[in-house]
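Going by TrEMBL, these are the annotated features:
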type    : residues                                             : note
DOMAIN  : 1-55                                                 : domain 'WHEP-TRS'
DOMAIN  : 57-389                                               : domain 'Aminoacyl-transfer RNA synthetases class-II family profile'
BINDING : D126, L127, T128, R153, Q169, D173, R322, Y326, Y327 : L-histidine binding site
Amino acid sequence: AAAEAAVRAQAEAVRRLKQDKADPDEIAKEVAKLLEMKAQLGGDEGKHKFVLKTPKGTRDYSPKQMAIRERAFGAIVTCFKRHGAEVIDTPVFELKETLTGKYGEDSKLIYDLKDQGGELLSLRYDLTVPFARYLAMNKITNIKRYHIAKVYRRDNPAMTRGRYREFYQCDFDIAGQFDPMIPDAECLKIVHEILSDLQLGDFLIKVNDRRILDGMFAVCGVPDSKFRTICSSVDKLDKMPWEEVRSEMVGEKGLSPEAADRIGEYVQLHGGLDLVERLLQDAKLSQNKLAKEGLGDMKLLFEYLTLFGIAGKISFDLSLARGLDYYTGVIFEAVLLQQENEHVEEPVSVGSVAGGGRYDGLVGMFDPKGRKVPCVGVSIGIERIFSILEQRVEASEEKIRTTETQVLVASAQKKLLEERLKLISELWDAGIKAEVLYKKNPKLLNQLQYCEDTGIPLVAIVGEQELKDGVVKLRVVATREEVNVRRESLVEEIRMRTSRP
């Protein structure tokens with residue numbers, strides 16, 4: 001009884017910690033203690049109930065969801081390959097020191113693992129830092145690569161908004177010493193191609209430059225030591241009004257109200273090439289070497305984007321900051337727009353679906369000799385894109401196929417299992433995607449119904465007469481049309497009828 005009371009007390013302690021939103025590590029420790037106490041209580045093995053759930057911030061994907069996801073991945077990979085990218089992979093965990101100090105204020109979200117025999121490890125937080133480590137380790141100075149893999153963040157998940165603790169990233173990066181803004185323009189073109197291809201609706205790609213931001217902070221009177229922390233405040237402008245961001249800068253981060261007001265004059269500006277030209281003439285900004293460099297490159301970038309025919313979808317936006325510490329030049333973010341109603345002048349952003357920028361110093365942080373490899377890259381926010389595609393399929397009630405089976409091998413009479421297995425084996429060996437029902441004598445109606453349910457377009461029917469004549473009856477499920485095809489021509493006929501136009 002005393003042991004049971006102790007277990008109850010421990011369970012209550014865990015409940016209170018959760019209620020008070022205590023540190024996740026502390027909660028995990030207390031939960032582990034509770035489980036240990038329950039295990040010691042023992043004697044009740046038969047009654048132990050497993051909690052059937054996925055861990056917090058994760059989800060399972062059903063065959064239907066995976067089919068939608070594969071479609072999106074297919075479009076993204078096709079685009080990356082069209083631009084000549086190679087593919088790499090890296091371990092899911094890195095040495096903790098590899099990740100430490102690369103993410104600014106977000107570092108607290110890194111998932112640390114227990115000591116593994118002297119190695120302190122963490123789950124990767126993104127694919128960019130492992131890429132930089134890979135370049136430095138292998139002394140690579142020039143590569144164009146893509147990498148699609150899961151990353152991990154110990155975030156408080158908002159799963160309805162597509163925020164998870166485990167999620168995929170799709171990254172494309174160009175590393176190497178090249179003439180300014182040509183690779184950067186290609187990254188923006190890739191974002192434009194992918195978002196157009198996935199038909200997610202209207203979108204806008206915001207661009208800015210870390211050098212313009214830093215120059216702006218300098219001329220507005222922000223001390224050097226506060227650049228990064230003020231940067232992460234500015235980064236919240238897409239989610240919070242300026243008044244709240246200003247009070248965070250002044251109240252929490254100790255910035256003078258005058259400096260905050262001067263920043264406010266700049267960060268509310270957005271436009272195109274005309275704004276770049278106007279800021280190049282700005283008396284204060286043009287005096288700052290960094291800002292002037294950034295504005296010069298921004299002008300060049302817009303020239304290339306015009307040649308690519310996408311300048312209309314690009315907005316030079318001085319409030320774009322992107323919180324990560326490693327960016328050094330151009331930064332960009334793609335947002336989907338939603339027209340609330342006809343009376344609204346400006347479309348409303350419904351969230352970021354891609355982001356990236358230039359990070360020329362990151363590889364040098366890993367290189368023993370500090371050799372720099374300039375890099376620019378983009379990450380496609382596949383989780384949010386996936387949520388949108390999923391909602392769209394639900395709304396349209398479109399029937400999603402979860403298999404690619406081209407033909408079901410069926411029979412109309414009994415005792416033909418051997419013939420069905422012989423025929424399906426021939427089809428498999430010829431590379432045809434085929435299925436057979438796992439019954440000796442299935443009813444023809446059940447076999448046809450299976451095709452209707454799963455979207456299989458063709459049925460190859462073997463019967464006694466067909467076997468004598470050396471033919472197979474091929475039935476088109478949608479039209480119910482039937483043709484006799486000679487056995488030796490069957491593979492060709494199936495290929496012809498299922499090849500996409």
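A Cβ is built for glycine as well, from the same backbone N, Cα and C atoms used for every other residue.
Look at the binding-site residues T128, Q169 and count other Cβ atoms within 10 Å of each Cβ; Q169 has the fewest. Helix, strand and coil content of the domain 'WHEP-TRS' (1-55), in residues and according to DSSP, is 39 helix, 0 strand, 16 coil. Of all residue pairs in the L-histidine-binding list (D126, L127, T128, R153, Q169, D173, R322, Y326, Y327), the one with the greatest Cα separation is 21 Å apart.
Counting every protein chain shown, the Cβ of D126 (L-histidine binding site) has 19 other Cβ atoms within 10 Å. Comparing Cβ neighbour counts within 10 Å across the binding-site residues R322, Y327, the minimum falls on R322.
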